[in-house]
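Trainee: Okay, so Swiss-Prot annotates it like this:
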TOPO_DOM  1-7  topological domain 'Cytoplasmic'
TRANSMEM  8-28  transmembrane segment
CARBOHYD  Asn29  N-linked glycosylation site
TOPO_DOM  29-601  topological domain 'Lumenal'
REGION    143-254  region 'Catalytic subdomain A'
CARBOHYD  Asn202  N-linked glycosylation site
REGION    312-374  region 'Catalytic subdomain B'
DOMAIN    469-600  domain 'Ricin B-type lectin'
DISULFID  Cys486-Cys505  disulfide bond
CARBOHYD  Asn508  N-linked glycosylation site
DISULFID  Cys529-Cys546  disulfide bond
DISULFID  Cys571-Cys589  disulfide bond
Amino acid sequence: MGSAALRCFCYGCLFTSVTWTLLLFIYFNFSEESQGFRHVPVKGLEPYKPLPKKIYPRFSRDSMGQHSDPRKGHNGNQLETEANADLSPELGMIFNEQDQDVRDVGYQKHAFNLLISNRLGYHRDVPDTRDSKCAKKTYPPDLPMASIVICFYNEAFSALLRTVHSVLDRTPAQLLHEIILVDDNSELDDLKKDLDGYMQENLSKKVKLVRNKQREGLIRGRMVGASHATGDVLVFLDSHCEVNEMWLQPLLAPIKENPRTVVCPVIDIISADTLIYSSSPVVRGGFNWGLHFKWDPVPLAELGGPEGFSAPFRSPTMAGGLFAMDREYFNMLGQYDSGMDIWGGENLEISFRIWMCGGSLLIVPCSRVGHIFRKRRPYGSPGGHDTMAHNSLRLAHVWMDEYKDQYFALRPELRNRDFGDIRERLALRRRLNCKSFKWYLDNIYPEMQVSGPNAKPQPPVFMNKGQKRPKILQRGRLINMQTNRCLVAQGHPSQKGGLVVAKECDYNDSEQVWSYNEEHELILSNLLCLDMSETRSSDPPRLMKCHGSGGSQQWVFGKSNRLYQVSVGQCLKLVDPMSRKGYVSMAICDGSPSQQWHLEN
């Protein structure tokens, strides 16, 4: 009898264990909250392959790390995307302290969201942002071969590899002669042995790595890369880019037709906060008398032909990060000014030199390359010197003739500063029989206004029609579901910098009504936007003027009723549901009741 009871007890324990194991398996594999990222791609080495509709890969928490398994052969599947290839806004959601550290260190070292970059992996689809006419264009079969030169210093490993793989994935093999990576004496460990190992195991022999023994800066680093190149055309890219469909052929065709033509792609925008790839408007390069590059609208005369917005057009200057140039012409024209340091001003110098010395500079709308636009440069010069001022002085004294006084009118403190020996560059200008800077202003950039007693005022060339307001998707009260309290201004909703708190709802009070628009902004009483500090995630959210740039004012309602802030990767939380003060803060997203919000119509 006792033996039978013992057997029943054992069978019961076994049955219970199996039942719980099955339930836990179902929970952790299929519940939305346990997955955390229903739309997160798993990092891998294979190119993008869309999954069947409504089937998504599970999120691998290993991919939260810096790049813990880049060579272990994850399956490489990506999320099933919409037609515009937007990423899930929750890709940057923070679930634990490790996530928080990766994000914070990433912004500190790289000035963009490293957490998302690592989760994104090395391959992804990007939206085809070209004009519809571009897809119908054909190009000669005998285009010149390209050497892609990518100089990097302390770049994020995942961003660098995504740049390289985007080139390999979207460039015809017969046009890609080589990719030359120039490591400008980086200090990060993963850019040493890890990069060597990854290249050896996963990359084509066309990808070559050159390491500088000391910090040279972008300018001289590119010259090092060009000296190692053997392709017909040099294509310079920054180390945090992603090339688009058919990006190279439109750049090579004008160079084949005229080797003295220098071409630039349209630079699309990759958000530093979300890494979402979006189309950039068709604009051209200019500059101001402070010798800073700026974007200008394109005169209609440049786009009046039958090809419209798909036709290449002249640009007075280039942004400098991305361009293509015949290799022999690059050397004949004097490469870069090696007396310039690190970064800054070299793009204007080479732009002036191209135009003044017999070449032409075009922007090609059918070539699109995405670029992470950071809000600051995460590194400086080795000695803390003002390299922009040093380089601008060399540029002004070599190329601008009497118009350098326009620069000194804005920077009088630099008039007597040393800028090094420029005799070699002046000799180059004489040898190339270059035109005057006045010729450049008269013929290439007549819109540039000159100040001084004899200057004539000019009417504005371009009209600014203003920004279109984002479409409102929903209006209502923002209610914390645990307490049924409404999120309102602590003071008046027009007070910039004011806090928000959870208070009793008053359905007769219009100042409690939020608007949620297509830019993912939350606007209280049609006045100010809910905003978070991008650098201090411990600060509470505040009401600030709407800036329309996403990031700190971009909020997403998750499927589990969490309100996720894209820029900081955290969720809005009611600090103490029992307190009448109603303070709110940002916290690691855990799906708890205090993090559940509802925008009630």
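Placed from the backbone N, Cα and C atoms, the Cβ positions cover glycine too.
Each of the listed features needs to be described in terms of its position in the shown structure.
Mentor: Confidence across the region 'Catalytic subdomain A' (143-254), taken as the mean pLDDT and rounded to a whole number, stands at 96.
Counting Cβ atoms from all protein chains shown, Asn202 (N-linked glycosylation site) has 15 others lying within 10 Å of its own Cβ.
Helix, strand and coil content of the region 'Catalytic subdomain B' (312-374), in residues and according to DSSP, is 17 helix, 22 strand, 24 coil.
The number of other Cβ atoms within 10 Å of the Cβ belonging to Cys486 (disulfide bond), over all protein chains shown, comes to 23.
The Cβ of Asn508 (N-linked glycosylation site) has no same-chain neighbour under 8 Å that is 6 or more residues away in sequence. Following the DSSP three-state reduction, the secondary structure of Asn508 (N-linked glycosylation site) is coil.
Secondary structure at Cys529 (disulfide bond), taken from DSSP and collapsed to helix, strand or coil, is strand.
In the three-state DSSP classification, Cys571 (disulfide bond) falls within a strand.
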Trainee: Which is it, of Cys505, Cys571: the one of these disulfide-bonded residues whose Cβ has the most other Cβ atoms within 10 Å?
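Mentor: Result of the Cβ crowding comparison: Cys571.
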Trainee: What is the one among the disulfide-bonded residues Cys529, Cys546, Cys589 whose Cβ has the most other Cβ atoms less than or equal to 10 Å away?
Mentor: Cys589
Trainee: Over the span of the domain 'Ricin B-type lectin' (469-600), count residues by DSSP class, listing helix, strand and coil in order.
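Mentor: With helix first, then strand, then coil, the domain 'Ricin B-type lectin' (469-600) has 9 helix, 56 strand, 67 coil.
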Trainee: Pop the Cα-Cα gap between Cys589 (disulfide bond) and Cys546 (disulfide bond) into the table, whole Å please.
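Mentor: Cys589 (disulfide bond) has its Cα 25 Å from the Cα of Cys546 (disulfide bond).
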Trainee: Can you tell me how the residues of the region 'Catalytic subdomain A' (143-254) break down into helix, strand and coil by DSSP?
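Mentor: Tallied per class, the region 'Catalytic subdomain A' (143-254) gives 45 helix, 28 strand, 39 coil.
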